[in-house]
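Here is the structure we will look at.
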Amino acid sequence: MRLTHIKLSGFKSFTDPTTIHVPGQLVAVIGPNGCGKSNVIDAVRWVLGEASAKQLRGESMQDVIFNGAATRRPAPRASVELVFDNSDHSLQGAWGQYAEVSIKRQLTRQGESTYFINNQTVRRRDITDLFLGTGVGARGYAVIEQGMISRIIEARPEELRAYIEEAAGVSKYKERRKETEGRLKDTREHLQRLGDLQNELARQVEKLEKQAETAERYKSLTAQLNQQQDLLDYAQWQQSLAAADKATAQHQSLQAQQDETAAQVQALNDEVHALQTAEQSQQQAVHELGNKRGVLREQIARLEEQIRHQQNLHQRIERDKQAAQAQMQRIHQEQQQIRVKLEENESQTEEKQTELAEWAMQVAEHEERLPELEEAQTALNAAFQTQQDEANRIRRELALKQQQLAHTGQTIAGHEEHKGRLKQENQALNLPDEAETAAAQEAAALLQNRQEHYEEQIIAAEEALHAAREAFQTASSRFQSLKQQHITLQAQQQALSQILSQQQEAADFWQATDHAAAPQLWQHITAPAEWQHALSVILAERLHARAVPQGFVPPEPLPQGQAAWLSDDLSGGIKKSLPVQALLNQIQAQPPFQTALHHWLDGVLCAPDLSYALAHQNDLGAHQIWLTPEGHQVDKVSVLLYAKPAQESLIAQKARLDGIASELENLAPELSAAEAAFKQAEAAVRSSEVQHKNLMQQQQQHTRQYSQAQQRAAELLARTNQGQIRREHIERELAQLAEEQTVLQHTSDGLSDDIVTLQEAAAELEHQQQTTAHSRQEQQGRLKQAQLALLEANRQYGLAEVAVHKLNQQKQNYRQQIAQLEQQTLDWQERQQELALAYETEFQNDEQHIKLEELSEAVQTLDEEYIVVQEKLAQIQEQGREQYAKVQTLQTQLPQLQAATQTALLQQQEALINAKRYHQNLTERAADLDALEALAKESPKVLNTSIGSLTRQIEALGAVNLAALQELEEARERDGYYRSQSEDVQAAITLLEEAIAQIDDKTKARFKETFDAVNSKVQTFFPTLFGGGEATLKMIGDDLLTAGVSIMARPPGKKNSTIHLLSGGEKALTAMSLVFALFSLNPAPFCLLDEVDAPLDDANTSRFCNLVKEMSAQTQFLYISHNRLTMEMAEQLVGVTMQEKGVSRVVAVDIKQALEMAESV
């Protein structure tokens, strides 16, 4: 498993969504101070469950949320997500089956902290358990932040033990032990509750025995009632089956008639299809003849063009022959000139080659002499360098001895001073009283129990508050949604009402009469939505027609504006039958408008679309038209297309207004209920918030008390432990200092003798070095003169060689020019032959003229055939129309047969549904049909009477506890179960106590094994990082369950007995040796290091980098550094910048890809 991505949003300075890719095993995060690099480490610790704001460099947990900048608003929440590649399925537990695992934590400004694993909400504990025993965690050794190195090495023994336990996986056992103790406590409480339940159960059994007797009587009467009900359902089932058989016979007869008519329609359709095929064949023939005519006409055009082209070709050949003769003469003259230049070049070449041979001889002579001089010079240089190196070595050794002598003197003086301070400290140690420490620990334990009780109450209150808020959010969303829907519908209703009220207002014409308020047609007509627009188009102004009394006479003179009216007592004149496709079949209207519509729309037929209307235009009779849903009109001789209007028709607007009114009526009770639920949820949220706030205040007050008590107990215990440990350390240090002083004094004497010897050797070597330097200077002058002579000879030889090469190149160019001119001569000779052959060719135009006449006659023949084929096509089309008319006649009969068949089918289905319902009732009651058939002698009326009598007897029993028998049996079973469970619980208590003992044994063995292994690794890594020295781990205490751990380190050349005497760099390397030892024993999936190399010099940094590279084979490292050597080690660099003040951004660089790109350039 390895870390692949870190995603941050709103966390500290990373306000924008930021993804840090971690593709390799060594990834360095770099950037200037204060740009937000360490926020990456804080983010990882936070998402792993860190609950202390102080550990995240803040005062409260809200400080991790971006708090705004000069041009940025504060973020509403902080979110961090870690994505792991688990393709090797090394992760244990339920999440180990996933190839990719992501953990995420979100925190809002309201204090709501949420954890996720693979986008599923989990507890903080689930995150902790996921990495338990791997070293990964908020306080694990896999995340080393700034200052943590020093805290590790200076940690108390019990704190240092925690790191060993994490590496050993003991933390899992400790967690299991804690859970086992909790279960043991719960089990004992459960045993007590079982005793109380057994006593209560005895009282219930006595009461249930009386109720069971009444239940037996009730069961007997109920069984008789069920039998009578079964017989009634059986009789009704048989009646329904008989009715279904009758309806089936009628349906089959009508279906046969329908199938016969359909077969006739299919036969006619086949004939129509055959005629369509013949029509297509004739159309293909017409198309082919047209293509042939076009091909012949194209051939005639090309032939005419060829005749014109041959006439122009003869004139062009004459001009080309004259140009070829002139080029031949020019090429001959150029050949003569180049041959003269070639002869001059050969003479100059012979002279330069002679000069070149002479200079080559001089170069060879100088080269033979030069190696002897160089060899002598090299020997003198080597002797001088050897003497120089020996002198430098003696000077370095002398300086080192002098430095060691001074350091030894300082160390001896420092030891004396340190011994004095240790003696004073030992006398000044003041250890606390044991009784006071025990009392403080007991008070802290009592307060801790109360603290856990408060935490449970707060968790319950938070869950209740969360549930209340979710309910409030749901109720609020529904209320707002319904309210918005109600407002939208009201606005639409108001707008439509206003539009329609304007339509109701009387025009100027009607204002001059007494009928301005008369009803209009559009107010009393309805039609399907698809035909509302077409109906508005065909009626036009008649939609506003008003119903007025018979004999209405318009005023004189006629007022302005359009007007339409009809008599309000119209009746009669309505056709009894209409065509199936008539528009009137789609309309409903009230008298007198219904009569008027039959007059106005008689002959208007519905077509599904314009193509259908055009295809059936010839089928229309006199005064008939096709009308499409778009408003297009097609009559026998013309077509009228209607443009789409800018707004809905009056009929559509009225229909929509009616629909909106119905929706508002249905929505009103839902809105009232949602509002009540919203107010109730709001009140519940306020109540939960008040309760949660009170609990939080109580917990905070108690937390302060608990913290003070815990701090007091910890201080007393720490003072006691530290005092005892310090006293032991002082005694050991005093003894060790005495030994070291003796060794240091002996060392000081030896260093003084070595310094005198080295000073004498340095003086002798300086005299030898002066003699060698004089000889080397004389030999260097002789070598320089020989080298200058060789350089001059080489220069003259090179000039001669360049001249010879230039003459040879010129000669080659002349020969190439002659060859090119000869090739041009051959090319022009071939061109003259081609022109002569073309000139001799005679043009034969007579054959082309003859072919032109033949093609013209063929075109005329094809024109005659084209006319014949078109006439035959017209005949086939006429036959097709006749057959189609027959199909239409039969198709009008089919709907009537289908309707009758459908009615019979509905009757059959109704009877079958009734039969199925009665049969299902019998099946659900598991009735025996064969037995019912033998008992079915009474009529349904008699059975109903019997059922009524039994029902009254059952009602006379009054309230009956039907479950009394079962409850009595269950009570007896529970009594036995409780007895058995008591025994099991007692056995479980014994088992849990044994489990705790086993966990303790495993913890001891695992801790001891891991302690020894880590101690061995520390002893290996420490000298690797320091280049020498030694370090060991020591266990403080005899109990392996509680013993602390301390570390003893002695860098090379030092004999420190305590960690506190080490320098900052030495402490860092010692802590790293411990961390790397833990990693080597239990490698974590990844390791985060925050500037742990800051106190190291280049030599130590180099050793640190080598060890990290070696360990990166098993562990992925993400580290922050300002050190050049550490940055060079990285495979990828992640740069953190803060160009915008207060806002961090990242830039990633893949070192390998960058090097490959540079090499390719």
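Backbone N, Cα and C atoms are what each Cβ position is placed from, and that goes for glycine too.
Here the structure is a predicted model, which means the values were calculated and not measured.
Here TrEMBL flags 3-1144 as domain 'RecF/RecN/SMC N-terminal'.
As annotated by TrEMBL, ATP binding site applies to P32, N33, G34, C35, G36, K37, S38, N39. Cβ-based neighbour count (10 Å, all protein chains) for N39 (ATP binding site) stands at 21.
Averaged across the coiled coil (170-404), pLDDT for the predicted model comes to 76. Annotation source TrEMBL lists coiled coil at 170-404 (among others).
The coiled coil annotation in TrEMBL covers 437-471 (among others).
The coiled coil annotation in TrEMBL covers 671-879 (among others).
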Point to revise | Neighbour-count leader, CB within 10 A, binding-site residues: N33, S38 | key: S38
Review point. Far apart in sequence but close in space: which same-chain residues, 6 or more away, have a Cβ under 8 Å from P32 (ATP binding site)?
Key: M1138
Check your understanding: Can you list, in sequence order, the residues of the same chain other than P32, N33, G34, C35, G36, K37, S38, N39 whose CB lies within 8 Å of the CB centroid of the ATP site?
Key -> S13, G31, V1136, M1138, S1144
Exercise for review: For G34 (ATP binding site), write down the residues of its own chain that are at least 6 apart in sequence and whose Cβ falls under 8 Å from its Cβ; none is a fine answer.
Suggested key: M1138
Check your understanding: What number of additional C-beta atoms lies within 10 angstroms of the C-beta atom of C35 (ATP binding site)?
Key -> 19
**Study point:** N39 (ATP binding site) in three-state DSSP notation
**Key:** helix
